[in-house]
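Pulled from TrEMBL:
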{"type": "COMPBIAS", "residues": "1-11", "note": "compositional bias 'Gly residues'"}
{"type": "DOMAIN", "residues": "18-95", "note": "domain 'Cytochrome b5 heme-binding'"}
{"type": "REGION", "residues": "1-21", "note": "region 'Disordered'"}
{"type": "TRANSMEM", "residues": "131-151", "note": "transmembrane segment"}
{"type": "TRANSMEM", "residues": "157-178", "note": "transmembrane segment"}
{"type": "TRANSMEM", "residues": "265-283", "note": "transmembrane segment"}
{"type": "TRANSMEM", "residues": "303-326", "note": "transmembrane segment"}
Amino acid sequence: MGKGGNQGGGATEREAPMPTFSWEEIQKHNLRTDKWLVIDRKVYNITKWSSRHPGGQRVIGHYAGEDATDAFRAFHRDLDFVHKFMKPLLIGELAPEEPGQDHGKNSQITEDFRALRKTAEDMNLFKSNHLFFLLLLAHIIAMESIAWFTIFYFGNGWIPTVITAFVLATSQAQAGWLQHDYGHLSVYKKSTWNHFVHKFIIGHLKGASANWWNHRHFQHHAKPNIFHKDPDVNMLHVFVLGEWQPVEYGKKKLKYLPYNHQHEYFFLIGPPLLIPVYFQYQIIMTMIARRDWVDLAWAISYYARFLLTYSPFYGILGAVLFLNFIRFLESHWFVWVTQMNHIVMEIDCEPYRDWFSSQLAATCNVEQSLFNDWFSGHLNFQIEHHLFPTMPRHNFHKVAPLVKSLCAKHGIKYQEKPLLRALQDIIRSLKKSGQLWLDAYLHK
């Protein structure tokens, strides 16, 4: 028999060595039609498969040509299950002489962060308290019930209507924070249960789409505050953010709006309109365009329930106006809370940082208190949430000291501020960016 034949019937052919690649070669494959990425030094070709990625093709495509190890671990709870889908995509590994990080990212910070994550796992900080989340859902349903009873008992006069609107806006805001927990798979071990409850809360309790939220929000987490990658900083020419964008707009003489006054018109078109106008329209159109009939059915169940509940008191048109007034109130709550952690931070083009540094550059915290925790859905711990998206929010305060220590070790600023100052900083940031635009616009 030849060297490749069976010898004694027990030996098997020696497997061919796995191809190795340099970072220079891998980084060439960062196009929409040609995507490679690296996880744990293994190289995967995700070009064709990315369109079937459950989190959306954009979020995984944002790491094309890069090491995606920490992002991969951050977003997926059951790594063994996910690895089954990755095996057919494996095409090789990093050459032995190549560093584990691309673009000169800090390998020591990466190593220390992975050790920190291991410590958090050993402390069971990724284990959720189911009673905690059940009580959150219960208090949302209680507010829905109180709202209906207020109108039923006191009638549809102005005072009961306004009180009920504020109660329902509070319920909607809290449901928004709760769907966020399930959307990040931070409640149950099994992703299936998280997905089901997520659809129930965002669909039946809020009238929105789980898939729309997933595809949008995961991009934000993957590349926070990065232009062309984070949809949350795509302001459609309404605002200019950070320091780079306003200067670029100014140099190019772009003046869609008087950006030097954006800190003033923010109050008119930012908080009041985001949810009742932009999000509501975008969500409905996205579900129809993608033929996402399951999410659409969940959303219809919300609107049907609302109209059946309140049209007997207000009529169909009155109930629709009532609904939009509630969304108007909720929108203020949502915008101020979500922007206080991000819009004031660095917003720029892709800087190619390690996972830990990139999240710290784009997020800041608000001081802990029982009110702040409830008011923001624990997003006052935005740093910890961005570092560990699948960690249950009731454990953020436990991991925060470890994060602070790692920041101190590497000289990375850990920003934490009072709630009122965080809200005021939104306006200061918009004013600063607007002035940068004006200076560049007027400069000849």
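Note that the numbers count up from 1, one per residue, in the order the chain is shown.
Cβ atoms are placed via backbone N, Cα and C, with glycine included.
Annotations in TrEMBL come from automatic prediction, not curation.
Counting only same-chain residues 6+ beyond the ends of the transmembrane segment (303-326), those with a CB under 8 A from a CB of the stretch are 148, 151-152, 155-156, 161, 165, 168-169, 172, 204, 207, 276. DSSP states for the domain 'Cytochrome b5 heme-binding' (18-95), grouped as helix (H, G, I), strand (E, B) and coil, give 31 helix, 20 strand, 27 coil.
Mean per-residue pLDDT, taken over the domain 'Cytochrome b5 heme-binding' (18-95), amounts to 93.
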